[in-house]
Each structure stands twice: as structure tokens, then as C-alpha cells.
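Trainee: Would you mind keeping the following structure in view while I ask a few things?
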Amino acid sequence: RRARYKKEPVSLTLALLLGGLTMGGIAAGVGTGTTALVATQQFQQLQAAIHDDLKEVEKSITNLEKSLTSLSEVVLQNRRGLDLLFLKEGGLCAALKEECCFYADHTGLVRDSMAKLRERLSQRQKLFESQQGWFEGLFNKSPWFTTLISTVMGPLIILLLILLFGPCILNRLVQFIKDRISVVQALVLTQQYHQLKTIGD
């Protein structure tokens, strides 16, 4: 009876220790999963916002290029009209007695740059979609479900591992403690035996 009474606090202590570790592991898993999910979602939101902003900048620059082209056509048309009016004087520049200015059209460069930007945006979008894992792609339409699965999966794996390997580890630990207790008992008995032997001699 005494040996059993001594073992119960050890078993109770081990059970409390493993239970505490399990709950701590679950809490850590929930915290880690939630933090990783929030950080990933924030990164994806930032990436999507940058992508949208770049699209808007591209549209704005394209519209400015079209406006500049239209304005340059108006200016050139006015110049031709003024040259016709001042034809007798040798044209507008001769009438003003100034050096003539000529229009250099660089809107083709802007058009090319915008085409390259559109192409890079398209490539980034395809790359972003291809880098999404099957898990994110599967649950991309319902973020609450992704959050739930990501948060619960870590603790469930920890619990499964504890259920699989916990009994084996607990048995090994109990056996180790039993062996140590047996060694201590043997040492105590041999110590008492030596004392009795010296008293009896």
C-alpha cells in the first residue's frame, strides 16, 4: 500500500505536467497560427493595394499621354493656320522675327513604357496567383474558413502527436522513475544492512 501511495503523487504530477504542456502547446499553436495568418493576410492586402495603385497610375499616365497628343495636334494646327496668315511675311517665325520652334513628339516613349508596365503588372498577377498554395486557393473565397482551419490545425496536430507518442513517453518516464526509486531503495537497504552488521560485530 505504501509503494502505491508514493507512486500516485508522481503519476498525478506527470499527468498535470503533460496536461499543462498540452494546453500550453495548444495555446502556442493557436497564437502562432493566428499571427502567421494575420501577417500573411496583411502582406497579401498590401500586395493587392500596390497592384491596384500601379494600375491606376498606368491609366492616369496613359490618359495624360492621350491629352498631350491631342494638345500637340491642336498646337500644330494653329501653327499651320498662323503660317498661312503670315505667308506674305515668310511665315509666323519671320513675321515675329524669332527663331522657329519645332515640336518633338516623345509620346511614343510614354506609350512603350506604359505597355511594359502593363505587361509587368500582368506577369506579377500571374506569379502571385501561381504562388498561392492549394490551401489558400481553395479557401480564397471564404477567409473565415481559412482562419478557422489554420487556427485549429496546429493544436490538432499537437494533440494527435501527444495521443500517439504520449503513452510511450509516459511509460518510459514512469519506468525510469521506478528504476531510480528501486536504486534508491536498494541503497537505503544496503546502508541499513551495513549499519546492522557493524552493530552486530
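Just so you know, glycine gets a Cβ as well, placed from its N, Cα and C.
Annotations for this protein, taken from Swiss-Prot, read as follows:
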COILED    39-75  coiled coil
LIPID     C168  S-palmitoyl cysteine
REGION    76-92  region 'Immunosuppression'
MOTIF     193-196  motif 'YXXL motif'
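I'd like to know what surrounds each of these features in this structure.
Mentor: Confidence across the coiled coil (39-75), taken as the mean pLDDT and rounded to a whole number, stands at 82.
If you draw a 10 Å sphere around the CB of C168 (S-palmitoyl cysteine), it holds 9 other CB atoms from the protein chains shown. Secondary structure from DSSP puts C168 (S-palmitoyl cysteine) in a helix.
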